[in-house]
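Record features, source TrEMBL:
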DOMAIN    27-487  domain 'Amidase'
ACT_SITE  Lys76  active site, charge relay system
ACT_SITE  Ser171  active site, charge relay system
ACT_SITE  Ser195  active site, acyl-ester intermediate
Amino acid sequence: MLRASLRQVSAALRDGHVTPTELCQRCLSLIKSTKFLNAYITVAEESALKQAEESEERYRRGQPLGVLDGIPIAVKDNFNTAGIETTCASNMLKGYISPYNATVVQKLLDQGAVLLGKTNLDEFAMGSGSTDGVFGPVRNPWSYSRQYKEKSVPKSHSEDEESNWVITGGSSGGSAAAVSSFTCFAALGSDTGGSTRNPAAHCGVVGLKPTYGLISRHGLIPLVNSMDVPGILTRCVDDAAVVLGSLAGHDPKDSTTIQDNFKPFELPNLTDVSKLSIGIPKEYHAPGLSSEILALWSKAADLFKNAGAKVVEVSLPHTRYSIVCYHVLCTAEVASNMARFDGLEYGHRSDMNKSTESMYAATRREGFNDVVRGRILSGNYFLLKQNYENYFVKAQKVRRLIANDFVKVFGSGVDILLTPTTLSDAAPYTEFIKEDNRTRSAQDDILTQAANMAGLPAINVPTALSERGLPVGLQFIGRSFQEKQLLTVAKWFEKQVKFPMIQLEEVKRHDHGVFQHQKSASFS
């Protein structure tokens with residue numbers, strides 16, 4: 001049952017094959033047995049079981065609230081949740097309990113979803129590995145899969161278990177690991193420069209970054225206001241469409257959301273791709289792209305071509321400046337956003353009491369890690385009066401050029417862009433931490449952050465297993481507010497590649513459900 005899609009389990013709940021309480025208990029039990037993954041910071045067992053009981057009562061009366069009623073979900077720990085601690089994986093917010101729910105969380109609860117807990121991340125979502133939070137790194141469930149274990153060369157057995165695990169990617173690594181290890185059916189992440197798509201690619205799940213303004217950011221603790229988007233992590237494209245349908249639309253509490261009404265949609269089964277034009281941006285053949293992913297990207301393009309789609313090479317000439325531009329804009333907004341954590345209103349407060357100034361300084365030194373402090377310092381440097389024109393204003397102009405590149409390409413008749421999501425499969429933790437966070441983020445966001453700067457929708461679709469037995473995903477980028485077209489194409493692609501299900505021994509012992517369908521890998 002835990003391996004079922006969201007739609008399948010919703011049908012099972014409706015037909016009485018399983019109750020919301022039983023489903024919730026199974027997920028909670030699995031969270032406990034996969035605790036070693038460190039995917040969750042807080043498990044809200046008591047409130048989750050209460051929500052499941054309320055859902056059960058609605059089903060008993062024959063009045064479920066919709067597809068999400070009784071479905072266990074998880075939320076990244078940078079979304080505010082009333083009554084449940086919100087930490088951003090930082091000492092600065094340890095123990096902080098918000099008085100309100102983020103709009104997206106409230107919408108899920110209003111639909112009857114069961115909130116299991118809050119997932120782990122890089123501190124304040126600054127990172128690409130989910131290794132830099134105060135609660136420790138998240139481990140990729142695929143590290144413990146039969147597929148990876150069969151391919152990886154073991155050293156001594158005990159050493160292998162402890163040192164051979166791979167990262168989830170970040171910063172929404174906890175949410176990606178939670179979905180990948182079957183502890184929930186969908187999870188919320190946030191996506192500023194690829195933080196949903198990157199871990200989705202490494203953990204073999206679907207990661208959707210919607211168009212900027214389609215989903216409310218109210219209650220998402222901001223990193224970069226002009227780029228942040230709540231992201232959706234699920235096990236298949238159809239499920240992502242279901243969750244998007246319940247979250248999208250105008251929110252009076254967020255002035256950047258669209259004014260138009262959003263109509264939830266059901267994805268059609270695309271049978272004819274001959275009218276589609278797929279663009280292959282040559283600049284995404286970036287330095288460091290593994291030959292394995294390059295071959296997979298080429299194979300995917302051929303798949304569309306052979307099915308009758310028009311596949312054209314396109315150019316996004318300003319892409320090569322995007323990572324530098326992103327760094328300037330990101331740190332500048334971080335410096336501004338982090339100013340609110342001063343030890344006065346909420347969060348950590350230092351005992352240093354010589355003066356207000358010394359208390360501020362000590363609070364921020366104790367509350368933030370090196371990564372956060374480093375980004376604040378960079379951002380303040382770029383915003384200095386003498387630097388503002390040369391860095392911040394120039395970066396804003398380059399951002400406009402990057403966005404215009406996409407406008408031109410889509411204006412030329414291209415419907416969807418097909419690119420890699422990451423440069424390689426997931427790195428072993430011991431290798432990943434050899435480089436500092438800034439270097440890693442610059443490398444790992446290179447293929448994803450341009451979509452954030454242009455505000456475009458993008459999705460990672462798990463595509464195949466690498467030679468090491470780890471997931472590799474490809475990214476589809478669509479036109480603004482054309483999520484239906486983007487998801488329809490992604491669903492068609494998903495059907496063609498038949499990505500294999502993770503084989504986790506731990507899960508099999510817990511999963512006595514009726515949906516133990518095993519997909520076969522036919523695209524590696």
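Think of each number as a place in line: the chain as shown, counted from 1.
Glycine is treated like the rest: Cβ placed from N, Cα and C.
Keep in mind that TrEMBL annotations are predicted by a computer and have not been checked by a curator.
Note that the structure is a prediction, hence the values are computed from the model and not measured.
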Could you state the whole-number distance in Å separating the C-alpha atoms of the residue listed as 'active site, acyl-ester intermediate' and Ser171 (active site, charge relay system)?
5
Residue pair Lys76 (active site, charge relay system), Ser171 (active site, charge relay system) - Cα distance, angstrom, rounded:
9
CB contacts for Ser171 (active site, charge relay system) [other CB atoms within 10 A, all chains]:
38
Around the Cβ of Lys76 (active site, charge relay system), the count of other Cβ atoms that are within 10 Å:
32
Considering every residue in the domain 'Amidase' (27-487), what is the mean pLDDT value?
95
What's the number of neighbouring CB atoms sitting within 10 A of the CB on the residue listed as 'active site, acyl-ester intermediate'?
39
